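Listed in Swiss-Prot:
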type	residues	note
BINDING	Asp625, Thr627, Asp1018, Asp1022	Mg(2+) binding site
BINDING	625-627, Glu720, Phe761, Ser763, Lys766, Lys784, 817-818, 898-900, Arg991, Lys997, 1021-1022	ATP binding site
COMPBIAS	1-10	compositional bias 'Gly residues'
COMPBIAS	85-96	compositional bias 'Low complexity'
COMPBIAS	191-203	compositional bias 'Gly residues'
CARBOHYD	Asn339	N-linked glycosylation site
CARBOHYD	Asn433	N-linked glycosylation site
CARBOHYD	Asn490	N-linked glycosylation site
CARBOHYD	Asn679	N-linked glycosylation site
CARBOHYD	Asn762	N-linked glycosylation site
CARBOHYD	Asn1083	N-linked glycosylation site
TOPO_DOM	1-306	topological domain 'Cytoplasmic'
TOPO_DOM	531-559	topological domain 'Cytoplasmic'
TOPO_DOM	1129-1165	topological domain 'Cytoplasmic'
TOPO_DOM	1212-1224	topological domain 'Cytoplasmic'
TOPO_DOM	1279-1376	topological domain 'Cytoplasmic'
Amino acid sequence: MAGRPTGGPQGAPSHDLLLDLENDQPVYGGGQRSTLNDDDLMRTYTRDQESGQDQGRPSVSYDDFIGAGQSRQHGTGSQPGGPGQSSSSNNNNNNNVSAPYSRSGRQYSQTSDLGNYQRYADDFDDYPADGDSFYQQGGALNGGGADAAARHNARNRNSVLTMGGGFFGKMKNRLGMGQGYSEMDLPLTEPGGGGGGAGGGGHSRADSSGIDPPKRDKKFDMGNFKFGFGRSKPDPSTLGPRIIHLNNPPANAANKYVNNHVSTAKYNIATFLPKFLLEQFSKIANVFFLFTAALQQIPGLSPTNRFTTIIPLVAVLMVSAGKELVEDYRRKQADAALNTSRAQVLRGSTFEETKWINVAVGDIVRVESEEPFPADIVLLASSEPEGLCYIETANLDGETNLKIKQALPETSQMVSSSELSRLGGRMKSEQPNSSLYTYEATLTMQTGGGEKELPLNPEQLLLRGATLRNTPWIHGVVVFTGHETKLMRNATAAPIKRTKVEKKLNTLVLLLVGILMVLSIISTVGDLIIRRVEGDAISYLMLDQPDTAGKIAETFFKDMVTYWVLFSSLVPISLFVTVEMVKYWHGILINDDLDMYYDRNDTPANCRTSNLVEELGMVEFVFSDKTGTLTCNMMEFKQASIAGIQYADEVPEDRRATIQDGVEVGLHDYKRLKENRKNHSSAPAIDHFLALLATCHTVIPEKGDEKGGKIKYQAASPDEGALVDGAATLGYTFTDRKPKAVFIEVDGQTLEYELLAVCEFNSTRKRMSTIYRCPDGVIRVYCKGADTVILERLNENNPHVEQTLTHLEEYASEGLRTLCLAMREVSEQEFQEWNQVYEKAATTVGGNRAEELDKASEMIEHDFFLLGATAIEDRLQDGVPETIHTLQEANIKVWVLTGDRQETAINIGMSCKLLSEEMMLLIINEESAAATRDNIEKKLEAIRAQGDRTIELETLALVIDGKSLTYALEKDLEKMFLDLAIMCKAVICCRVSPLQKALVVKLVKKYQKESILLAIGDGANDVSMIQAAHIGVGISGEEGLQAARSADVSIAQFRFLKKLLLVHGAWSYQRVAKTILYSFYKNITLYMTQFWYTFRNVFSGAVIYESWTLTFYNVFYTVLPPLALGILDQFISARLLDRYPQLYSMGQQNQFFRMKVFIEWLLNAVYHSIILYVFGELIWHGDLILENGQIAGHWMWGTALYAPVLLTVLGKAGLVTSNWTKYHVIAIPGSMAIWWIFIAVYGTVAPMIPFSPEFHGIVPKLYSSPIFWLQSFALAILCLLRDFAWKYAKRMYRPESYHHIQEIQKYNIQDYRPRMEQFQKAIRKVRQVQRMRKQRGYAFSQADESQARVLQAYDTTQNRGRYGEMTSSRPQGQGT
């Protein structure tokens, strides 16, 4: 079809087109894959970038992606024998068949002129002729039923071991690490006979001339070897079309196509355990703990109990597994809601309601207005004339304008279920692929004279993800289901994302492991020295004295194991489960935030991936879709300028019309317009203006059943619908349409306008004209379009041009979409002469018909009289301008990536305050790579040359279209383009494809490695962008939920992004950072005292604390403070974080979790451990003698030292707490109370079991000792005194920015900003009056389609038949 992706032209004819098969996709000459598979392109690009290969980026612009030009007609496309084949291809005459399409009797079809070759076997005679339909045969199959059909249509399928690249490839796919969904391994069809397999003897593969195809040289292929598992790859010659039997469910079931089940869940029963364990042990800390647990099992080497590591590790994994299962259960619930949606499927001669999951390939379904399509469907018939229907693809490509699809004339009459049940035949469809806008198939129908083969193309394909609009119902046959639908083929498996904090955490863990190694080596060397130097003096310890190299090595190994286990808790095992729980609760807080709840459609925020919450506080780039994300998809006719006079639906008091210097300025309301239409000098202009709005369009009126009911307009463009509604509001109501006339009602009188010709809109012309014979008999040309093309076609006698231009500037400054309206009268002779030229152009055969039509249109579109201009508001979502302004204040760069045209995107940029009046627009809109490079280089040179003198980077905004972006994303130009884009405050990319959206995100991610990227969108076309970014946010609510279901967080409105980032993001980042640092601190403090003790116990490896007391340190005694800090701490209130968005930069700069901060916490922990151990040693020096004369002993001293350590780390938690709540009181002082109570119980019960005999009698002695209580509080105060002094000095003499805000919060200091903002708004209004904008957009959004075909097909004056069809569309006397 139209538009070829950038992949180069078709190469020379090849006799070996299909070389190999990998992952069920054909590979083409030269080993290059089809450029249409987004997944493969993204993976190839990522691999090339990582390997450093200098290859161009596979970028496909929006226009190339969907086809911007007119559809090209293939000369062979309408002939029988398969799509794209000529009739001669079905005979033995190959003279007319080019080499790429035919080799040795095989036919190939080039899918929609896009180089995506699909092999079509010419031995279709092996398939049984479908006689009558399955239902007409009484539910029986010819030849023995389904089993026989299955044997006859044997399919050479991949085995479980060979699909997806062998056993390991299959396992990777099942674990979600392969190239797509685990369910997306597609079966390959093979037309074979008699159960013959690939290469079996079912039938001969020779062509009709009896010449065998040339044999390929067999070469060894590791991919074929499969490591000894399964069988080799299937022969590519087995590829054939998908055969779908009409009204024959058993025959289709025998083919075992994938079902219509769609899953976005991360796990299933089989994959949960291996995938979960693989993900968990990709974390360095978990591998470390597993290794330590293994060392503890070595008898005689571990100084602690052998289960003190493995049990906490299992507990951590269990908690993580529970969290993962809960989150995956939510995904499964969302999938179940979709899979259990209701659809109407033909069963027998009636439509029965069933679940989407039960819809199968070959089913005939009925879809009604406003319903989404349950699968990929080929349109058979609709309620509209000529089999037309409107669909909305906003969830696929982001476009809100309706697309027109049309059924084949041969099937468009099948409007009743009984007619459909008698439909017999088969479809030969291309294999599933990811191209949204191409499709080739043939439909073979049973007719009275035999079979009739009809070509199918994208005009008949209705995709899953699209929605039926403005059409009561359609009938269609399902061709692709589930993960084989084009929507799901364009989706990618959700990647496992690692946060910046998590990566830094792994680095810190490695650092602590390094410290652990150093401590272990120091202790081991100390032990060896003590054994050698002091061995005789301490012979009573019976220590071995290694005297040989082997003995030394053995002792060294044993000591290293001992000390590794002893110091292993420097890495807190509870940290990771604590962080998991903290992040999980952050997700709950996001979900439960009523400020982000959208009550209009009962949609709360939903954090689907809580692992990423802290990165919400570190975002530097936001990539946003426009349609449905920034806007509401609702067009409203707001203002009009007619004959130099402005009219509006609502007129503010300060803008009401007044007379100044004899000139009327300001706005009139619509009431005044109706008065002027009757008795004002501008009445003729008003009449033609409103008549143009009511007639020059492609809108179809739909009347209600009741007489006098409100007319509903079916508009392919929301702009046109708004204009026609506006005309109706002003008294010119469009009522009916005939193929050659339109009818409007004015003042109760019906007027007929005879349609003579249509000059269609396209993106080059930027205008649309209709030629009517008006009710007064005069022929007039009505034209509407962009001001740039209308104004240059005006005659000299136009008195209102200047006033209209002024009004256009005002509309553009308000972000409204504008159109200019003009007309001219044409004599009968001039029209007849022109019409001959136009008819000749319309019948031109060849590729230049569109050009000839444009030339013919130019001949009559001149000397116009300007009637006025319209202003349409593409209403933004509530709060969008304020949100974008706040994000920019927070130093977040906002890039808008949209499929809309450049003018529309700029308009929206102005409306949402992404672009401001002070900004200088840098526009790149080139047609070649060289021109794009030259444009970018000149702009960069100009910026760098000016420096800080005349150009402020804050005033620059970049606007680039899809074609230029294609060139800019090439490898040799991408860095230069990114340098220019980074210099700009705002970037708008127009006419971009879904693939380009993802590539732009990948480009920024590649070069801005330290930046966090967030992508937000609402449609399926945004999924690849969402998954490419560090954080994906989906807009849920009005449209489909594909983006929301694939995102990490979903919200209902764009404005909620402000609180999500500035409040929840900032809180999460600060909380997670504080939780991690505190967890490291508390463990280092405790276990460094153990290290200092090794110098006292002659490096014997003895422990200072009882084993289970050590274990319970992280599990019970210090588990609550990190949770309180991580879940409840608020370093700044939500109100002030919103008021001062500049605070957000702290997360961008990673102020709370950089290496410097970690070192400070580490040194602080070491300092505390030294104070605690040294003073504890001094207090208990020589074993303190108790009141009863007994010596305290080793275990009593260790337990006494444990108390001040615990009190110190809990006191530190109190010092770093920003706001105290009752939960902080429970968590921090409460934890100390827990220890005092627990140690009393444990010290009493454990020795009695006996479980810990060394604790016998210790607790009574400790609790009765005043030295114990004095030491506990005195040492804690001594340690924390330095911390308190440092905190005081920091706030008083070197405060951070947030310290000032905390003071404002504490003392409730009033802010002057509200008054300042009011003053700034007043200044902006003054500037808007003083300055006129040059950028204006025009309000056409429909695709470049054939409007004439629509206008000349409808006759709304006819009544509908029994099934809602037009009575004129059914042959007379035909039954139902």
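Start at 1 and count along the chain as shown; that gives each residue its number.
Note that Cβ sites are derived from N, Cα and C of the backbone, with glycine treated the same way.
In the three-state DSSP reading, Thr818 (ATP binding site) counts as strand. Same-chain neighbours of the topological domain 'Cytoplasmic' (1129-1165): 500-501, 504, 508, 617-620, 886-887, 889-892, 1012, 1058-1059, 1061-1063, 1065-1067, 1069-1074, 1076-1078, 1080-1082, 1084-1085, 1088, 1217-1219, 1283, 1296-1298, 1301-1302, 1304-1305, 1311, 1313, counting only residues six or more beyond its ends whose CB sits under 8 Å from a CB of the stretch. Here the recorded positions are Thr627, Lys766, Asn1083, and the one ringed by the most other CB atoms within 10 angstroms is Thr627. Nearest in space to Lys766 (ATP binding site), taking C-alpha to C-alpha distance over the recorded positions Asn433, Asn490, Asp625, Asp1018, Asn1083, is Asp625. Reported as a whole number, the C-alpha separation between Asp625 (Mg(2+) binding site) and Asn433 (N-linked glycosylation site) equals 25 Å. DSSP labels the residues of the topological domain 'Cytoplasmic' (1129-1165) in these numbers: 25 helix, 0 strand, 12 coil.
With a cut-off of 8 Å between Cβ atoms, the residues of this chain six or more beyond the topological domain 'Cytoplasmic' (1212-1224) that come close are 1074, 1078, 1081-1082, 1121-1122, 1124-1125, 1128-1132, 1168, 1280, 1283-1284, 1287, 1302. Summarised by DSSP class, the composition of the topological domain 'Cytoplasmic' (1212-1224) is 8 helix, 0 strand, 5 coil. Note on Asn490 (N-linked glycosylation site): other Cβ atoms within 10 Å of its Cβ, all shown chains, come to 25. Looking only at Cα atoms, Glu720 (ATP binding site) sits nearest to Asp1018 among the recorded positions Asn339, Asn433, Asn490, Asp1018, Asn1083. Among the recorded positions Asn339, Asn433, Asn490, Thr627, Asp1018, the ones whose Cα sits within 10 Å of the Cα of Asp900 (ATP binding site) are Thr627.
Within 10 Å of the C-beta atom of Asn339 (N-linked glycosylation site) sit 19 other C-beta atoms, taking all shown protein chains into account.
Model confidence over the topological domain 'Cytoplasmic' (531-559) stands at 75, taken as the mean pLDDT rounded to a whole number. Distances between the Cα of Asn762 (N-linked glycosylation site) and those of the recorded positions Asn339, Asn433, Asn490, Asn679, Asn1021 are shortest for Asn1021. Between the C-alpha atoms of Asn1021 (ATP binding site) and Asn490 (N-linked glycosylation site), the distance comes to 8 Å.
DSSP classifies Asn762 (N-linked glycosylation site) as coil under the three-state reduction.
Mapped onto three states, the DSSP output places Asp1022 (Mg(2+) binding site) in helix.
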